[in-house]
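Asker: I have a structure here, written as structure tokens, and I will follow up with some questions on it.
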Amino acid sequence: MFKHTLIALTLLAAATLFSLPAFSQEDMTHVPTDAFGKLERPAAVFNHDEHNEKAGIESCNACHHVWVNGVLAEDEDSVGTPCSDCHALEQDGDTPGLQDAYHQQCWGCHEKQAKGPVMCGECHVKN
């Protein structure tokens, strides 16, 4: 009886241990890249909530911004709206192209705060 219980507990522990990485991946945010087609580097991946907590970002519009007639709308955010709805692949007037928009948003903030990754391979990690 003890042998069967020990085997069952060992299998349960192993199943739990091996399932943990799957749960930790749930919170990972993949920067949308469908609009680009074939990529030179992998998409940037980060834990959204952990990033915002560590960076002290409290307002969604710090990253998910809305511009109205060339003015940043302070009380609005674009959560749920793909960046490609406003940013074409190439620059359009004063609106940066999609790749530049991503880079200006992320890299620009990291540079300004002197924190976070700024080298290509730090965000675009090859597996």
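Glycine is treated like the rest: Cβ placed from N, Cα and C.
Quick paste of what Swiss-Prot says about this protein:
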type    : residues               : note
SIGNAL  : 1-24                   : signal peptide
MOD_RES : Q25                    : pyrrolidone carboxylic acid
BINDING : H48, C60, C63, H64     : heme 1 binding site
BINDING : H51, C106, C109, H110  : heme 3 binding site
BINDING : H65, C83, C86, H87     : heme 2 binding site
BINDING : H103, C120, C123, H124 : heme 4 binding site
Asker: Using a 10 Å cut-off on Cβ-Cβ distances across all protein chains shown, tell me which of the binding-site residues (H48, H51, H87, H103, H124) has the largest neighbour count.
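Answerer: The residue with the most neighbouring Cβ atoms within 10 Å is H87.
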Asker: Quick check: which same-chain residues outside H51, C106, C109, H110 lie with their CB within 8 A of the centre of the heme 3 site CB atoms?
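Answerer: Apart from H51, C106, C109, H110, the close residues are A55, C63, Q105, W107, G108, Q113, G116, P117.
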Asker: How many other Cβ atoms sit within 10 Å of the Cβ of C63 (heme 1 binding site)?
Answerer: 18
Asker: Near the Cβ of C109 (heme 3 binding site), how many other Cβ atoms are there if near means within 10 Å?
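Answerer: For C109 (heme 3 binding site), the count of other Cβ atoms within 10 Å is 15.
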Asker: Applying the rule Cβ within 8 Å of the centroid of the Cβ atoms of H65, C83, C86, H87, what extra residues of the same chain belong around the heme 2 site?
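Answerer: Apart from the listed residues, the neighbours are S78, T81, S84, D85, T95, L98, A101.
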Asker: Would you mind reading off the Cα separation of H110 (heme 3 binding site) from C86 (heme 2 binding site), to the nearest angstrom?
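Answerer: C86 (heme 2 binding site) has its Cα 23 Å from the Cα of H110 (heme 3 binding site).
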Asker: By CA distance, which of the binding-site residues (H103, C109, H124) lies nearest to C86 (heme 2 binding site)?
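Answerer: Going through H103, C109, H124 one by one, the Cα closest to that of C86 (heme 2 binding site) is H103.
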